[in-house]
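S.K.: This is the structure I want to talk about, given as C-alpha cells.
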Amino acid sequence: MEDIDMAFGHMMAGPSSAASVPPSTTTASFAGTGSHGTPSQYTASYASPPSRTPAFVSSDASATGLYTMPSSYRSPMPPPPGPLPSSAATYIPAEAMDGMMSMAAVNAIDSDVIQQEVRLGIATLANLAQDVTTDRVDTFRSADTISTILSGMWRFERDEMVQENGVQFLHYLTHPASHSHLRALIMSLGGISTVLRAMHLFPTTLSLQQTCCTFISKMVTHDPVALDSIITLQGMDLVVLAMRMHRLEERIQEAACQALESMMRLGEGLEMDIVSGGGMEAILHAMWQFEGNSLVQQNGCSSMGLLCAQDDGNKRLALEAGVIETVLGAMQRHPQNNEIQRAGCVALYNISNNYGAALRRCLEENAVSVVRQASHHDEESANRLLRSLRIQRYRSRVF
C-alpha cells in the first residue's frame, strides 16, 4: 500500500506553480466572484507579444466570471454500481477491489475510512488504466466498473485526490480511437459532466486541469457527438479559464490549445463564442509564451485559421492583435515542421482573403519569402496565398 501511495505521489504533485516570470513580461490581475472553491482573485503573468497587444482584450476582464456552473453538471447521475465483471479479480489488486467495494456502499456509510479506501481504489485503477491491453480492456468494458468510479467521484466531490485520479482513469480510457465502446460508456454514464465538474471545483490543481483539457480533446476528436455535451456544460469556457489562470504552465497551455482547436475544427459556429470568451487572446498568449513548443504553435496557427475562415470581424480583430506576425514567427522558428507550415499558410490566407489591410500587413512583414519556403511542405496552400500576395503587390504599385 505504501508503494502505491508513493507511486501516485509523484503523479499527483504535478508541475510547480511557482514558475519564474520571464524578463519581458506583463502582469495582470483578474478578480471575480467564484463559487464551489473557485478563487476570487488571482494574478497571471505572461510574455509580452512580439509587437502589438490585442486591442480587443478588456482591461477589466473577469476570468473567474466567464461562466456560471450549469445545473446540468448534476445530470445524468451514474447508476448504482452493480456486480463487478468476473475477470476483474485477475487484473485488479486487492487495494482497488476493496476501494471499489467501498464505493458501492458510500450511500449507506459515510466515514473517513471509506473515503481513504475509495481514494486508494481509484488511484490504483488509474494506474492500471494507463496500459489498457487487449486482455485488460475487458475489465474496464463493464458499465459497472466505470459507474463505480463515477459514484466515488460524485460522493467525494471535494476530495482532490479522488477527483484527480478519477479524471486520470477516465482520460486513459478515451484513447486510442479503437476504444469507442469505452467512450460511449463514459458519455452515457455522465462521465463528461463529472470531469467538467472536477475541473470547475479544482481550478488551481495543475495536473487535473491539464488532464481535463486532454480528455476534452480526445473525446471530441474520436467522438464528435461528445462536443454538444461539452459545449452545453460550458467546457469551452473552462478550458479558456484554465489557460488564463495558468499562463506559465506549458503543459496546460499545450493541452488547452489542442482542446480548443479540436472543438473549432469539429464544431460549427463556435468562433464568435471562443473570441467573446477570450479564446483568441488566450491562444495568442500561449503562442507568445511558448514559441519553441511545436504543438502549441501548430494548434495555435490552426485555431487562428479557423477563427478567421468566415467572420470578417474576427479578421479585423486578428489583424489588430498581431496574429499575422505571430503566425509568421511560428513558421520561421519551425521551418521543418510540415503541420506548422501548412497551418500557417491556411491561417494567413484566411485572415487576408478579401481583406486588403491584412494583405498589406503580410507584405510589410515579408510574408512572401516565408510562404515560398513553406511551399516545400504544402504547395497548394502556399501557392494560393502567394497568388493573393502578388495581386495585392501589383495593385499597390499600380494605384
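For all residues, glycine too, the Cβ spot is worked out from N, Cα and C.
Curation plays no part in TrEMBL annotations; they are all automatic predictions.
Keep in mind that this is a model prediction, so the values were computed, not measured.
Feature table excerpt (TrEMBL):
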| type | residues | note |
| --- | --- | --- |
| REGION | 14-55 | region 'Disordered' |
| COMPBIAS | 15-38 | compositional bias 'Low complexity' |
| COMPBIAS | 39-50 | compositional bias 'Polar residues' |
| DOMAIN | 236-362 | domain 'LRRK2 ARM repeat' |
S.K.: Taking all residues of the domain 'LRRK2 ARM repeat' (236-362) together, what is their mean pLDDT?
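M.R.: Taking every residue in the domain 'LRRK2 ARM repeat' (236-362) and averaging pLDDT yields 95.
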S.K.: Per DSSP, what is the residue count of the domain 'LRRK2 ARM repeat' (236-362) in each of helix, strand and coil?
M.R.: 101 helix, 0 strand, 26 coil
